[in-house]
């Protein structure tokens, strides 16, 4: 792996697509209809957003630090500033958005566990990744001749852990972790190591992916199909309800997540190599992705309240479930994405940008003053009069 280099345009595409999956997951989870088999099948596809984000986080951290010497106190100070501050602010905002009772003990408990809203656990895990990242990089250096073996161990661990959660294993003192894995870094350790190894061998990974785009897409389609088949077996054969059968922690989702992340990488490379259509929108959306992630549940809450007041939730009970899900995925999801993106873009230009979006305040580019005609003439003539 070379040192830190140019901006990776394909990473912008991965971010944009993954945020779309995140919003879709939450839209489906809060669908104003009873969960059905179709609902769970869609969930099996959208659920991979969690794992893809952790793969991406480790990839970007490893790429951004390269193989250069890192001043870890400075690394921690910067990383924690841009995550811890939004985490505190949004925990308080969602605490009040959740409604009464407004008890101080509840707020403290939500701050410690990331439960003020269903997506804030990701920030807690991200801070845990930052904390141990020096160890991850040291491990990559120490095992750089055996990264294939390290990747195999990481995959075996992640698959085993997913199965342990799915089967609700009793692991004695570790049972609490298995029963509530969401906000703990070890639950995603395999993804973190895989993302870091991928970045360490980025050039080889990108070169192979460029040459085998069709294989990557076909493999992704096969694993997505397999995940849906496994889900249907759990529902139709084992008799599990759709929500249980489509849970995040299960081995097939672990494999599917890697396949989807790889397909997103391939899509990003294709986009990057075809004149990057819509580059400004993609770059802006990627830049706003963290703010969109933080904000969209509040926008979704407002949309559901508005739909309830307008009688749309009651109306949804009278139409086929498939129609409701189609409207949610094809209409509400893009609308939430757009509104959250516009609000985030506006917040980026205010003094509260760091607190609300996790990014420094965006400054308007100063226009370059027009050069006098005499100076232009000199420039065009090489300085000769």
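Here the Cβ of each residue, glycine as well, is placed from N, Cα and C on the backbone.
Feature annotations, reproduced from TrEMBL:
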DOMAIN    9-333  domain 'Acyltransferase 3'
TRANSMEM  12-33  transmembrane segment
TRANSMEM  45-66  transmembrane segment
TRANSMEM  78-97  transmembrane segment
TRANSMEM  117-136  transmembrane segment
TRANSMEM  148-165  transmembrane segment
TRANSMEM  185-201  transmembrane segment
TRANSMEM  213-233  transmembrane segment
TRANSMEM  253-271  transmembrane segment
TRANSMEM  292-313  transmembrane segment
TRANSMEM  319-339  transmembrane segment
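Counting Cβ pairs under 8 Å to the transmembrane segment (45-66), the stretch among 12-33, 213-233, 253-271 with the most such contacts is 12-33.
The average pLDDT for the domain 'Acyltransferase 3' (9-333) in the predicted structure is 95.
Looking at which of 117-136, 213-233, 253-271, 292-313, 319-339 has the most CB pairs under 8 Å to the transmembrane segment (12-33), the answer is the stretch 319-339. Proximity of the transmembrane segment (292-313) to the transmembrane segment (213-233) is not established, fewer than 3 Cβ-Cβ distances being under 8 Å for residue pairs spaced 6 or more apart. Proximity of the transmembrane segment (185-201) to the transmembrane segment (117-136) is established through 3 or more Cβ-Cβ distances under 8 Å for residue pairs spaced 6 or more apart. Same-chain residues lying 6+ beyond the ends of the transmembrane segment (253-271) with a Cβ under 8 Å from its Cβ atoms: 9-14, 17-18, 44, 47-48, 50-52, 55-56, 155, 158-159, 162, 190-191, 194, 205-206, 209-210, 213, 216-217, 219-220, 222-224, 226-227, 277, 282. With a threshold of 8 Å between CB atoms, the same-chain residues lying at least 6 positions outside the transmembrane segment (148-165) that come near it are 139, 171, 178, 181, 186-191, 193-194, 197, 247, 249-251, 253-255.
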